[in-house]
Amino acid sequence: MKESHPVKAAVDKVIDAVTGDGPEIPGAPNSRPPALEEPTEPREPLPPKPDQRGPEPYSPTGQPLDVPPSDLAQGGAYLTTAQGLRLRDTDHSLKAGPRGPVLLQDHHLREKIMHFDHERIPERVVHARGAAAHGVFKSYGTATTVTKAALFAKDVETPVFVRFSTVLGSRGSADTVRDTRGFATKFYTTEGVWDLVGNNIPVFFIQDAIKFPDIIHAAKPHPDREIPQAQSAHDTFWDFVSLHTEATHHTLWNMSDRGIPRSYRTMEGFGIHTFRLVDAAGATTLVKFHWKPKAGVHSLTWEEAQLINGMDPDFHRRDLADAIEAGAYPQWELGIQTFPDTPEQTFEGIDLLDPTKIVPEELAPVQPIGLLTLNANPSNFFAETEQVAFHPGHLVPGIDVTDDPLLAGRLFSYLDTQLTRLGGPNFAQIPINRTHAPVNDMLRDGMHQTAVHQGVAPYRPNSLDGGCPFVAGAQNGAYVEVPVEVAAAPKVREAPASFADHFTQPRLFWLSLSPVEREHVIAAYTFELGKVYEQTIKERNLRVLAEIDPHLCRQVAQGLGLPAPEPSQPLPNPRPSPALSQVGDTWPVTGRIVGIIADGDGDLRAVSALRQEVLDAGMVPLVIAPTGGTLAADGDEPVTVQRTFATARSVEFDALLLAGAPAPGLDAYGARDAKAGTATITETVVDPRVLLMLSEAYRHAKPVGGWGDVSGVLELAGVPTQAPGVLVAPDAQTALREIVQLLTEHRVWNRFPSAPALS
Ligand code: HDE
């Protein structure tokens with residue numbers, strides 16, 4: 001028998017356990033003891049889920065704790081107060097008689113309500129909506145030529161915690177809105193914490209931190225009615241970005257498919273700013289950081305994104321957790337683009353301190369330096385995902401900052417935000433924020449202090465605590481700032497001339513996209529500007545688009561019913577960067593979701609076999625049927641149903657297959673009746689939700705089809721059987737082979753309407 005791949009085996013085991021269709025695995029969701037009656041005697045609590053873990057047990061002073069993380073959580077069979085006093089009732093307040101007034105002396109009531117009243121902390125002012133995971137970063141050793149950072153030595157494994165987020169929405173907003181995504185990574189290195197706080201878009205709206213409140217005020221909901229939530233399609237956003245044209249590049253990325261990722265697992269990440277790496281001899285190199293997803297860079301279509309916002313607002317959060325739970329661990333390679341650290345800090349004419357500019361990969365290739373694997377879900381959202389505190393100034397020896405004015409402002413900002421959000425200066429002691437390096441910081445007291453410091457001399461110099469703590473030199477691990485020259489210059493409030501070009505790089509991005517991606521950009525601008533009320537704001541944005549490309553401008557203008565303006569100057573002709581397009585490459589299909597639509601009359605033996613083969617291909621099969629439970633056929637193993645026609649919607653699946661009828665000549669789902677012309681019968685036999693699923697999947701350019709005589713159903717759904725990526729295969733195996741092939745390209749790109757040639 002063929003040896004099964006570990007990821008496949010894990011996916012298989014968990015799915016079987018979840019669906020009750022296989023051996024139990026300890027701790028898997030549905031393999032836990034069923035909660036029947038409320039127990040009358042204390043019994044062991046349910047075991048934690050195997051995919052979850054909390055932060056590593058470290059003390060507030062960075063010492064490893066010799067206790068299992070579970071011992072740090074609350075336990076014990078009996079309900080107590082916060083002081084540990086056992087309670088006999090938590091359902092009734094203490095009263096003078098059953099109908100009498102409540103007594104002030106009821107401390108349990110007071111404590112319970114007081115604590116509940118304070119359960120919320122302020123959400124992040126930006127990036128409030130997020131999801132996170134634990135993992136490990138394993139270094140290839142290739143960066144040792146440019147940095148002495150211990151985490152980049154060969155084969156070093158560093159624990160990490162990664163938080164993905166949207167920017168604009170509140171904590172409870174939907175995941176698949178059009179927005180930038182945060183990609184923040186905390187590396188718990190032996191030399192202290194290093195945070196790489198990046199985004200999924202390589203440029204930013206502004207060049208100087210002083211404009212951050214302006215762009216965020218413009219993009220957040222309108223202050224009078226607080227609408228729209230988590231959207232950029234409104235007047236204040238488009239007002240600002242058309243007046244402050246350094247935002248053009250980032251905005252164009254937002255309007256491209258990058259603004260609606262398929263999954264956190266299929267997003268690139270970027271450090272955006274240029275950083276400075278330092279090697280053991282003190283030599284420096286300027287770098288930009290890139291995360292490259294192993295699963296490929298994929299996005300949703302706009303219609304899918306909108307449907308998902310209603311159907312499953314937690315889509316990205318769920319996808320991340322499910323993949324990890326299934327053992328299909330998401331992975332990214334960390335890479336760097338390197339540039340000589342010259343006094344000008346430019347590369348091929350691009351100012352490396354300008355965060356609205358990229359350096360095309362064709363000019364400076366991304367060199368892989370290590371692999372990130374996310375392998376555990378947090379065990380408590382608030383303790384970990386909500387309380388994690390990132391800071392671009394958390395650096396380790398070998399990594400330094402540059403004078404990018406946006407980065408400078410960030411170095412200043414993040415401590416402020418944590419103080420407000422986490423309620424005092426001791427947030428580094430919260431378990432998820434604790435360093436794994438020894439701490440002796442002489443910082444004392446303050447709100448929420450949990451360390452019990454020893455000694456009497458938290459000052460230097462001292463003689464009473466033996467002179468400790470001593471300061472280290474570079475040879476024993478001290479962080480030494482690179483002694484870069486600071487130019488003697490007059491104080492000014494000005495941007496350098498090299499920051500002035502706001503349009504060449506947006507044009508470069510536009511020219512690098514494939515025709516179908518350009519169509520999506522046009523549609524996105526037409527949608528967003530179509531939501532703007534003020535005519536002048538629409539017209540002003542068209543003037544910005546005219547500076548990028550006449551075709552883009554004309555198409556959007558046409559959609560808005562407005563005249564297209566001319567550019568104010570001749571357009572530059574930058575060389576396109578093919579690496580910026582998401583179309584054209586092929587990727588592994590691991591973790592992709594294949595929906596198999598079946599009903600009791602279908603070929604269930606083939607469905608069972610297909611499910612197994614989908615698993616063997618490292619993908620996730622979900623059987624969709626009229627009702628929950630199992631599908632049974634005479635003499636065959638019953639097939640477990642994962643989704644019903646009521647709970648399924650096409651957006652969840654990367655491909656959809658219809659199970660054919662068991663006998664040749666029979667058409668499934670009653671579609672035969674339709675072909676015979678009895679339309680009324682058809683409506684009642686082919687469930688309209690199946691037809692909707694098929695037509696949506698077709699419209700979203702997904703592989704769709706089935707085996708056996710399913711063409712009648714496809715036709716009813718308006719899916720032309722001759723169209724690209726539509727398959728009517730003789731058997732399930734052939735159908736799957738074709739699906740796998742198609743999914744390597746993510747979508748059937750040539751099914752989208754082809755874009756007219758660029759003028
Ligand atoms: Fe942030 N940003 N930011 N930002 N940012 C925050 O810090 C800020 C910027 C980014 O998952 C806040 O802890 C300023 C660029 C991420 O917890 C706050 C400026 C980039 C996250 C803050 C920027 C980012 C934040 C809010 C302009 C991409 C989420 C909560 C100078 C490189 C981290 C918090 C998480 C969070 C300020 C610009 C990425 C208010 C002032 C550029 C991924 O401090």
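Keep in mind that glycine also has a Cβ here, set from the backbone N, Cα and C atoms.
These figures come from a predicted structure and were not determined experimentally.
Quick look at what TrEMBL annotates:
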type: ACT_SITE; residues: H127; note: active site
type: ACT_SITE; residues: N199; note: active site
type: BINDING; residues: R124, R163, F212, R410, Y414, R421; note: heme binding site
type: COMPBIAS; residues: 1-15; note: compositional bias 'Basic and acidic residues'
type: COMPBIAS; residues: 40-54; note: compositional bias 'Basic and acidic residues'
type: COMPBIAS; residues: 564-577; note: compositional bias 'Pro residues'
type: DOMAIN; residues: 80-468; note: domain 'Catalase core'
type: REGION; residues: 1-75; note: region 'Disordered'
type: REGION; residues: 560-584; note: region 'Disordered'
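Within the chain, the compositional bias 'Pro residues' (564-577) has long-range Cβ neighbours (under 8 A, six or more residues past its boundaries) at 358, 360-362, 503-505, 507-509, 511-512, 539, 542-543, 546-550, 553-554, 557-558. For the binding site of heme, formed by R124, R163, F212, R410, Y414, R421 according to the record, the largest Cα to Cα distance is 21 Å, rounded to a whole number. Around R410 (heme binding site), the same-chain residues six or more apart in sequence whose CB sits under 8 Å from its CB are V197, A209, P392, G393, listed in sequence order. The binding-site residues recorded for this entry are R163, F212, R421, and the Cα of R163 lies nearest to that of H127 (active site). Contacts of R163 (heme binding site) defined by a Cβ separation under 8 A and a same-chain sequence distance of 6+ are given as G130, A131, A132, G182, A184, T385, V388, F390, in order along the sequence.
Mean pLDDT across the domain 'Catalase core' (80-468) comes to 97 in this model.
Taking H, G and I as helix, E and B as strand and the rest as coil, DSSP gives the compositional bias 'Pro residues' (564-577) the counts 0 helix, 0 strand, 14 coil. Sequence-distant neighbours of Y414 (heme binding site) (same chain, 6+ apart, CB under 8 A from its CB) are V197, A389, F390, H391, P392, G393. Cα of R124 (heme binding site) to Cα of N199 (active site): a distance of 16 Å.
Taking the C-alpha positions, the distance from R421 (heme binding site) to N199 (active site) comes to 21 Å. You'll find the Cα of F212 (heme binding site) roughly 15 Å from the Cα of N199 (active site).
Sequence-distant neighbours of N199 (active site) (same chain, 6+ apart, CB under 8 A from its CB) are T180, R181, G182, F183, G269, F270, I272.
Other Cβ atoms within 10 Å of the Cβ of H127 (active site) number 23 in total over all chains.
Per DSSP, the compositional bias 'Basic and acidic residues' (40-54) is made up of 0 helix, 1 strand, 14 coil. According to DSSP, H127 (active site) sits in a coil region rather than a helix or strand. Of the binding-site residues R124, R421, R124 has the largest number of other Cβ atoms within 10 Å of its own Cβ. According to its DSSP assignment, F212 (heme binding site) is helical.
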